[in-house]
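Participant: First the structure, then my questions, so here it is.
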Amino acid sequence: MNVISKIKCEVIRKKLKSPFITALHEVDEMQAVKVYIKLNNGLIGIGTATPNEKVTGDTLKSTYCIMEDIIKPQLLKKSIDEWNKLLYLLQNIIANNTPAKAAYEIALYDLRSKLEGVSLTYMLGNGKYEPITTDYTISIKSHDQVISDAKNKVKEGFHFLKIKLGNGNFNKDVQIPMDLAIDLPNDVSFRIDINQAWTVKETLYAIKEWTKFGLNIDFVEQPVNKLDVYGMKLITEKSSYNIMADESVFSPSDALLMIRNHACDLINIKLMKTGGISQAQKINDIAEASGIKCMIGCMIECPESISAAISFASSNENVIYADLDSVNMIDEKEDFGFSINKDKLIPSKKIGLGGTNEK
């Protein structure tokens with residue numbers, strides 16, 4: 001049997017090129033907890049957790065403690081051959097704490113694909129390794145800085161820009177995408193992310209103005225509070241643009257709630273919200289069966305979890321959008337298997353996640 005013989009957790013920090021600012025928070029470094037899971041045959045799987053106090057309710061300290069003191073003792077000496085049983089145990093050891101669960105799941109999926117001698121992408125169902133196209137997120141800054149950042153990213157080869165709004169000045173927020181459209185090429189598409197900062201009335205007014213202007217918008221993301229299902233429903237019914245649920249959907253049951261209430265057109269799946277690949281797959285399956293397309297998103301994450309997200313997205317036809325730009329925000333670069341070509345992310349063909357930094 002392939003038994004877990006050793007687990008090591010460590011805190012890692014990486015400086016961002018510039019502060020990342022949303023309506024919820026501001027960060028200037030990537031903070032994560034990395035886990036190494038070793039089997040009795042010597043194979044090692046790697047996963048990372050990126051906590052977010054404002055989104056998942058986790059801190060770096062709490063995530064490390066959960067991973068080291070709660071999850072680790074429960075998984076030691078367990079067999080990876082009992083796959084479904086192992087994942088069920090992991091997801092039910094403790095409530096919530098989805099980044100910690102995601103890190104362990106990513107490491108376990110890394111191990112399983114290594115045991116099978118294939119890449120994680122291949123194991124999840126993509127043998128062609130088609131690239132996925134990511135957007136780039138323009139965070140909340142001064143008007144002139146937003147324009148400058150957007151122009152620079154278009155020059156670097158990004159065709160899809162996610163614009164963060166919700167800085168407290170509603171009228172200026174509404175104007176920013178229209179000013180960007182004037183200054184940028186016509187083939188640039190916008191994705192507007194409000195991060196729960198607006199009301200239903202404000203959102204519908206902004207959408208009306210953008211529609212009148214003729215803005216090329218793929219979707220408007222989570223405009224109102226995550227618990228305001230009725231508000232999301234009203235906006236979805238009346239909007240000329242697709243409405244995406246992000247913070248409203250952490251779990252498969254959340255997805256069912258939003259879909260049954262016709263409260264979104266799209267769902268943003270993040271491994272740090274779902275607790276890993278297994279729950280992300282359940283959400284996507286529910287969405288696909290309901291005619292709802294998905295996006296794969298991320299926090300400010302490490303290459304390991306981004307690699308897992310790339311594998312997941314490239315293996316699911318229902319995932320039509322990607323917001324996996326955090327690898328472009330980290331000042332320190334490292335090779336972790338997948339390749340980057342401007343706005344294209346190419347899945348790794350190497351066994352497992354594709355990483356080499358094992359301990």
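Residue positions begin at 1 at the first shown residue.
Glycine is no exception: its Cβ is also placed from the backbone N, Cα and C atoms.
Got these off TrEMBL a minute ago, pasting:
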| type | residues | note |
| --- | --- | --- |
| ACT_SITE | LYS164 | active site, proton acceptor |
| ACT_SITE | LYS270 | active site, proton acceptor |
| BINDING | ASP193, GLU221, ASP246 | Mg(2+) binding site |
| DOMAIN | 143-242 | domain 'Mandelate racemase/muconate lactonizing enzyme C-terminal' |
Participant: Going by DSSP assignments with H, G and I as helix and E and B as strand, what are the residue counts for the domain 'Mandelate racemase/muconate lactonizing enzyme C-terminal' (143-242)?
Facilitator: 51 helix, 15 strand, 34 coil
Participant: Taking the Cα atoms as reference points, how far is GLU221 (Mg(2+) binding site) from LYS164 (active site, proton acceptor) in Å?
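Facilitator: Cα-Cα distance, GLU221 (Mg(2+) binding site) to LYS164 (active site, proton acceptor): 10 Å.
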Participant: Around LYS270 (active site, proton acceptor), which of the listed recorded positions (LYS164, ASP193, ASP246) come within 10 Å, judging by Cα atoms?
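Facilitator: Within 10 Å Cα-Cα: ASP246.
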Participant: Could you round the CA separation between ASP193 (Mg(2+) binding site) and LYS164 (active site, proton acceptor) to a whole angstrom and send it over?
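Facilitator: About 5 Å separate the Cα atoms of these two residues.
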Participant: State the Cα to Cα distance, in Å, between ASP246 (Mg(2+) binding site) and LYS164 (active site, proton acceptor), rounded to an integer.
Facilitator: 13
Participant: By a simple count of other Cβ atoms within 10 Å, which of LYS164, LYS270, the active-site residues in the record, is least packed?
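Facilitator: If we count Cβ atoms within 10 Å for the active-site residues LYS164, LYS270, the smallest count is at LYS164.
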Participant: If H, G and I count as helix, E and B as strand, and all else as coil, what does DSSP give for LYS270 (active site, proton acceptor)?
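Facilitator: Its secondary structure by DSSP: strand.
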Participant: Taking the Cβ of GLU221 (Mg(2+) binding site) as centre, how many other Cβ atoms lie within 10 Å?
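Facilitator: There are 27 such Cβ atoms around GLU221 (Mg(2+) binding site).
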Participant: Any idea what the model's mean pLDDT is for the domain 'Mandelate racemase/muconate lactonizing enzyme C-terminal' (143-242)?
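Facilitator: On average, pLDDT over the domain 'Mandelate racemase/muconate lactonizing enzyme C-terminal' (143-242) sits at 97.
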Participant: Determine which residues of this chain, when ASP193, GLU221, ASP246 are set aside, have a Cβ within 8 Å of the centroid of the Mg(2+) site's Cβ atoms, and list them as they appear in the sequence.
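Facilitator: Here the nearby residues are LYS162, ARG191, ILE192, ILE194, ASN195, PHE219, VAL220, GLN222, MET244, GLU247, ASN268, GLY297.
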Participant: On a count of neighbouring CB atoms within 10 A, which of the binding-site residues ASP193, ASP246 is highest?
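Facilitator: Counting Cβ neighbours within 10 Å, the top one is ASP193.
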